[in-house]
């Protein structure tokens with residue numbers, strides 16, 4: 001397939017486009033971008049007929065910052081006849097064999113969501129015909145490729161596939177997280193999603209467990225502290241502002257009324273450092289770098305607030321500088337990931353894991 005279809009947040013098409021152009025070039029897959037403001041998707045059209053197939057196989061979705069989901073796609077199926085929308089889609093997917101799942105989706109915009117009811121109904125007959133054609137297995141199989149059909153408007157769709165080991169497990173790439181009734185703020189969902197994004201499910205018991213010590217810089221009123229407490233951690237919450245009373249009553253939180261940029265932990269056995277402060281992204285990055293160099297944590301999750309312009313360029317500059325500084329200070333083994341999460345707005349969430357191969361004392 002010639003195209004790569006990428007889902008993103010509405011308003012971030014330019015960032016998603018700039019990123020896929022750079023990453024595709026690194027893999028020597030030439031092409032150009034089709035993107036419109038607030039469409040919530042980007043299409044990278046490759047010069048080679050199998051360029052989309054190459055990218056969906058070789059480009060890790062988790063390494064992309066601004067894409068929520070991606071799939072190799074055929075050309076746009078425009079003007080699908082109301083009398084028979086199924087046949088053109090089945091024909092476009094003729095090269096896909098024995099897929100394990102079908103997802104009929106839309107971009108994440110209010111206009112596209114108006115098609116959601118249609119997509120649910122349409123899934124049933126489409127699934128039946130794809131099974132008959134051999135493109136889809138009779139029973140779902142999580143190890144096989146996923147067929148995606150994304151309606152960008154009435155009678156207009158892209159059809160294609162992704163590999164289950166290089167794909168978001170979520171419909172449209174959006175995790176369905178519930179806001180806890182007792183969470184102090186909606187920002188709580190950001191850290192909940194970040195743990196799911198950056199720590200594989202099979203490693204959560206080891207790396208996000210009860211009894212760990214954690215620090216939350218800029219904690220007030222406690223949205224991120226709540227997620228740490230919920231997982232059984234002992235938390236040093238650092239903020240000049242007040243903390244949620246129910247959180248304090250758990251006995252798992254010690255509140256330090258200090259500036260997060262000046263705080264130094266009394267205990268140095270901290271596993272998790274988290275930080276969601278409204279501050280210039282470069283300044284937050286410098287703070288995390290200082291903590292890493294001092295050896296004050298094992299893993300960190302922090303947010304970088306984005307500027308209005310050159311957002312992709314700014315994020316990449318900060319991440320590249322962080323890697324250089326860590327290496328200059330003798331930290332040669334680390335894992336650095338960054339994602340524009342669903343619950344992020346004008347910010348990205350970064351995960352830094354220091355010396356993953358070494359056990360934590």
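Heads up, the Cβ atoms here are built off N, Cα and C, so glycines get one too.
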Among 187, 310 - the residue Swiss-Prot places in the same S-adenosyl-L-methionine site as 220, 221, 222, 223, 239, 259, 276:
187
Specify the count of other C-beta atoms within 10 Å of the C-beta of residue 223 (S-adenosyl-L-methionine binding site).
22
Structural state of residue 223 (S-adenosyl-L-methionine binding site), classified by DSSP into three states:
helix
Around residue 222 (S-adenosyl-L-methionine binding site), how many other C-beta atoms are within 10 angstroms of its C-beta?
29
To the nearest whole angstrom, what is the C-alpha distance linking residue 259 (S-adenosyl-L-methionine binding site) and residue 305 (active site, proton acceptor)?
18
Cα separation, residue 305 (active site, proton acceptor) to residue 220 (S-adenosyl-L-methionine binding site) (Å, whole number):
17
Between the Cα atoms of residue 305 (active site, proton acceptor) and residue 276 (S-adenosyl-L-methionine binding site), what distance do you get, rounded to the nearest Å?
9
Using a 10 Å radius around each Cβ and all protein chains in view, which of these binding-site residues has the most neighbours: 239, 259, 276?
276
